[in-house]
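J.: The structure under discussion is supplied below as structure tokens; questions concerning it will follow.
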Amino acid sequence: MKLSIIGSGYVGTTVAACFAELGHDVVNVDIDEDIVRSINAGNAPIHEPGLDELVETHAGDRLRATTDYEAVLDTDATFLALPTPSNEDGSIDLGAMKAAAASLGETLAAKDDYHLVVTKSTVVPTTTAEVIGPRIEEASGKTVGDDFDIAMNPEFLREGTAVEDFLGPDKIVLGASTERAFDCLDEIFAPLVERAGNPPVVKTGTSEAEMIKYANNAFLASKISLANDLANICKEFGVDSTEVLDAIGLDSRIGSSFLGAGLGWGGSCFPKDTAAIIAAARSRGYEPRVLQAAVDVNDEQPTRMLDLLADRFDPDGKRVAVLGLSFKPGTDDIRESRAIPLIQNLVEAGADVVGYDPVATENMREHFPDIDYASSAADALVDADAALVATDWDEFAALDSEFDEMRERVVIDGRRIVTRRDGLDYESLV
Ligand code: UDX
């Protein structure tokens, strides 16, 4: 089929390249000329394992990029993969989605045959039906359900495994309300269903599909926060939380994934999506208590870590190494990284902070230009009074004699990754 993807961000680029890999003709539309040029030259605009290969293979053939909305006219369906950031109050900012829907509508005015518009971005329930559809109608003069259809297809890919996740999903969720839309979605997703070995395909309404995405992320984020809550209790009793969480994960009703206790969750999705669904619930008069508690626990983990440091000494004037700056290992993304509140608090307390990360240093430098950065964990530890481990990069497990170079050998481990050894004043956050 011929597909257009509006937006060449994390999701848009991955989806475009993967649909091309699945045999569709894909055009990726974005306002950023550099990104468009990069894709057309066969280079992925983001770092993601396997993505460069796909873009290189298909660019100039089944994959192309353009800044021109007119390109959608030659396609059967359009996926909207625009960013949906947070407003100050946590609610979702639909500005980019609304603008794209209006531009798409203006373009579709010139299209004579059927078109399907699919929301790919994470949007609060009813957005596709009550915001996207009407905007396209208004701008195109066409009627939803008649001249064109709207659908919603949430994306569950993770950073660092985006291509693998897209091509091997646990489930595919398709939200629509007409048979014609579902037929079109079936045709689009048939090659993926076949390649992925027939994963469950959930067919539902657009608002349900929107909510499934939030429920998915809210559940996973809450699962981690509950693991952290339990691990904090374990710590009070001197109980090994890893043994406890590993054991409960063996119950098939619980499952072992996302029980990794520590400094908590960051990234571009969990913080934004929990905030957005809480704000959306409140806008309808419902107070989501469990979800709010999950957010509160997450917010407090960095403070607990700083308290463990304060038990040793006042950080004022002390050199503190923060090991791991990205929001999780395997990425240079620092969005909502738990290292940010750690560094912020240390700087405010007067500490001399040195940060280290295998790949995220430059991104953190933009955020905190005035702290020191080291080019290796070993360098960061030289003359440090304390090391706070914020991200579970594998290389931190191999640190050993490097700790001998510290002035005071205080190590507070936020991810239970460091290998304990004699001579360290080691404490794990959980
Ligand atoms: C997440 C969802 O997993 C994905 O389905 C959705 O599409 C986007 O949001 P991502 O943000 O890429 O993906 O990262 P993920 O691997 O889920 O980790 C999120 C955060 O949770 C990270 O900060 C990670 O360190 C933390 N985490 C994860 C834990 O603290 N413990 C765990 O057991 C797992």
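Residue positions begin at 1 at the first shown residue.
Here the Cβ of each residue, glycine as well, is placed from N, Cα and C on the backbone.
Whatever TrEMBL says is automated annotation, not expert-curated.
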J.: For the NAD(+) site, TrEMBL lists D30, T84, T122, E159, K272; sort out which one of R312, R319, R335 goes with them.
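T.: Record source TrEMBL; matching candidate: R335.
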J.: Hey, TrEMBL has substrate bound by F156, L157, R158, E159, K213, F258, L259, G260, A261, G262, G266. Any idea which of K98, K328 it lists too?
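T.: When TrEMBL describes the substrate site, the candidate it includes is K328.
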J.: How many helix, strand and coil residues does the domain 'UDP-glucose/GDP-mannose dehydrogenase C-terminal' (321-420) contain under DSSP?
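T.: So the domain 'UDP-glucose/GDP-mannose dehydrogenase C-terminal' (321-420) is made up of 32 helix, 18 strand, 50 coil.
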J.: Over the domain 'UDP-glucose/GDP-mannose dehydrogenase C-terminal' (321-420), what does the predicted model average in pLDDT?
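T.: Average per-residue pLDDT within the domain 'UDP-glucose/GDP-mannose dehydrogenase C-terminal' (321-420): 97.
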J.: Quick one: which of these binding-site residues, D30, L259, A261, have their CA within 10 A of C269 (active site, nucleophile)?
T.: none
J.: Out of the recorded positions I have (F156, K213, A261, C269, K272), which ones have their Cβ sitting under 6 Å from ligand 1?
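T.: The ones that qualify, in sequence order, are F156, C269.
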